[in-house]
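Visitor: Sharing a structure with you now.
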Amino acid sequence: MASLLQLLHLIFSISFLLVCGIATSNYQTPKPYVVYMGSTSSSNNELGSDQVAESAYMQLLSSIIPSEDQNERRSLIHHYNYAFKGFSAMLTENEASILSGHPDIVSVFPDSVLQLHTTRSWDFLETETGILRASATYNKHVSSDVIIGMIDTGIWPECPSFNDKGIGEIPSRWKGVCIEGHDFKLSNCNRKLIGARYYPTPEMNSINGSKMSPAAGKTSSGSPRDYVDHGTHTASTAGGFPVVNASYYGLAGGTARGGFPSARIASYKACSKVGCSSSSLLKAFDDALKDGVDIISVSIGADNFFLSDYKNDPIAIGAFHAENMGVMVACSGGNDGPFSHTIKNTAPWIFTVAASSIDRDFRSTIQLGNGKTFRGSAINLSNLTKKRTYPLVFGKDIASNFTPTYEARNCRPGSLDPEKAAGKIVVCVDNDPSISRNIKKLVVEDMEAIGIIFISEAEKDVPYDSGTFPFVQVGSVEGLQILNYINSTKDPRATILPTVEIPRYKPAPVVAYFSSRGPAQQAENILKPDIMAPGVAILAGTIPRTDEPGSVPVGKKPAQFAIRSGTSMSCPHVTGAASLIKSVHPGWTPSMIKSALMTTATVRDNVGKPLTKGSGKSANPHEMGAGEISPLKALHPGLVFETTTTDYLRFLCYYGYSEKDIRSISNTNFSCPSNSIKELISDINYPSISIANLSRNQTAAKTIQRTVTNVGLSNATYIAKVHAPVGLVVDVFPQKLVFLKGVTKLSYNVSFFGKTAPSGYNFGSLTWFDGRHSVRTVFTVNVHD
């Protein structure tokens, strides 16, 4: 009731401002905005409170919208009232500014568009036998009642990954629904797919600024059904039912299954092919928490041009309230690698995931007219054979009239002469990163060329799916030899053979080229990404592709599975692993599950060497976080780091938020520490340590405290071992943790002294070992003069 009184007070306050003439009468184009008002009170979850809150939001909207616009704009796009308060609506810039200045509102921000971060992987992680062993050992505790909420592009319910064979009745605590649509029936849901919602949102031209009412701007899909493929793929990766003899037209054959096959899935369609509106994402979070999900998976994020402050970031807002209600949120870290400071979804209450390769590759052979062959990266379903070769040309040699050579070399749209390209295999290079592989392929294909050889070091270990069109990518060494061949003969010829699978590939895992890197732009004193998981060439469920020419081989039916790459694919791997842990340890908090996966992560590949990135150089924590997930080990971590709500609220204090905003966000009377500076962010009880600023001239060491909880055997003794780079002095006190009977929590200090350390980031780790468990904490320390 108190929050509703605050709303009424807000209405009268804003009305007064308008009467006083603070709002300008100059016409401005209304745009979608989100009005975030912080955490709800427990009374807001009572029966009927949703309708009361919606009515109050409508009164608030009426108080600020001019009377002449009431009929067109007096409507909410979404309203939120379960985990947090607020709404989205069409507002002018002035109206948004007035609302943002009121003390009862935390933030008002544009309804911006966030982007999608777009089998064998689970075998590689050793969870197939792990899950079976875990099920046999913990058959009294493993539960099929873990519910995964997938916020994505919807779901294709006919995909065999969502079969409910052998799964018990839907948990009685489930409060969600399956919403029917013109192409989605209640019967499409089952004991596996237990929930499906969708969110009509303003069209992109409305979000981008043209005048349109919410009613006119609703999407026409009107259904939870996935027409993009992204949501179906991620959901089946996280919790798909095992499907034998699955493959992508014969590639990646085997049993396709999710990380925790007995998990329930609830789909929240908040995105389309063009992206995801902030307001729809927040509504999906609020509904998922109201419905009763246990884990939320979000393979979505802002692009580099729209990185938001935490209280203006819909994913950070939704995830904070989820964490506060005991629901873990795993998010993709983004696909803007290999550049530093590109990692997304970096709030400490989010489990941020980087992407890696697995021990399987896909290669296609190029055979030149002189008999020489080269293998390159590809997923093509070409019908070309060794028996026939085709004319081979370099893009610059078939440039259209008045086209710069530079553009033709890169196969830019409009740069090639169609007559000279037709019937030939075209070689393109990658001097212009703004022209993607997909665009180059479409340019060449549109000119009725036979195929394309793409020369590029970037993403050469991330196979591109070109459908039936012959495509292959080679590195610069092989590419130079192919170009030399073209220049050495009057009639250069070649063919591109269909892709074959390379099993047991080594080394693996390797950090994916595209995987976004840390440190985080917003707060370098929290290490991001947190963890790494498979995200390259992942086989999982898909939607039938019949509308894309060349996507289905002649005489074949549309595939039920597809191969995709991205941190969008690595995120649901972590979601699945977390679901497994949740089923065995239902009482563990999200931070305990996160800690278990981070401190047991592996940092060695399948040849026993330290993990690397595509260049062959060693990977560091800004690229792989704590390392590659090892779900079976995470079931028995020994010790865990519990990061509490108080830790997160202190983080907001240290980050610079006002006490007033933090109290609204948390619905508490929390008081910030008197000394609240960004350097203290390192002190929150996180499973890793990051120090963004360690001066070489400091006379005293920088000391960080951590507290661990024993979830293993009692009467355990752990000994500390430090791995630090030369010059960085790292000391631990005490060096021994003794958990006597009845003692479950102990604290220790780690000090860092960098007088002789090299400048820049130094990486290392601290491992606690009791003879059975190795609890590894990575640290990153930025040393400067």
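Even glycines carry a Cβ here, placed using N, Cα and C.
In TrEMBL, annotation is done automatically, which means it is predicted and not curated.
Found this in TrEMBL, in case it helps:
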SIGNAL    1-23  signal peptide
DOMAIN    33-117  domain 'Inhibitor I9'
DOMAIN    144-625  domain 'Peptidase S8/S53'
ACT_SITE  D152  active site, charge relay system
ACT_SITE  H230  active site, charge relay system
ACT_SITE  S568  active site, charge relay system
DOMAIN    683-781  domain 'Subtilisin-like protease fibronectin type-III'
Visitor: Where S568 (active site, charge relay system) and H230 (active site, charge relay system) are concerned, what is their Cα separation in Å, rounded?
Guide: 8
Visitor: Could you state the CA-to-CA distance between D152 (active site, charge relay system) and H230 (active site, charge relay system) to the nearest Å?
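Guide: Rounded to the nearest whole number, the Cα-Cα distance is 7 Å.
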Visitor: Looking only at Cβ atoms, how many others are within 10 Å of the one on D152 (active site, charge relay system)?
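Guide: 28, counting other Cβ atoms within 10 Å of D152 (active site, charge relay system).
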Visitor: Any idea what the model's mean pLDDT is for the domain 'Peptidase S8/S53' (144-625)?
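Guide: Here the mean pLDDT over the domain 'Peptidase S8/S53' (144-625) amounts to 92.
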Visitor: Go through H230, S568, the listed active-site residues, and name the one with the sparsest Cβ surroundings, counting other Cβ atoms within 10 Å.
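Guide: Result for the active-site residues H230, S568: minimum number of other Cβ atoms within 10 Å at H230.
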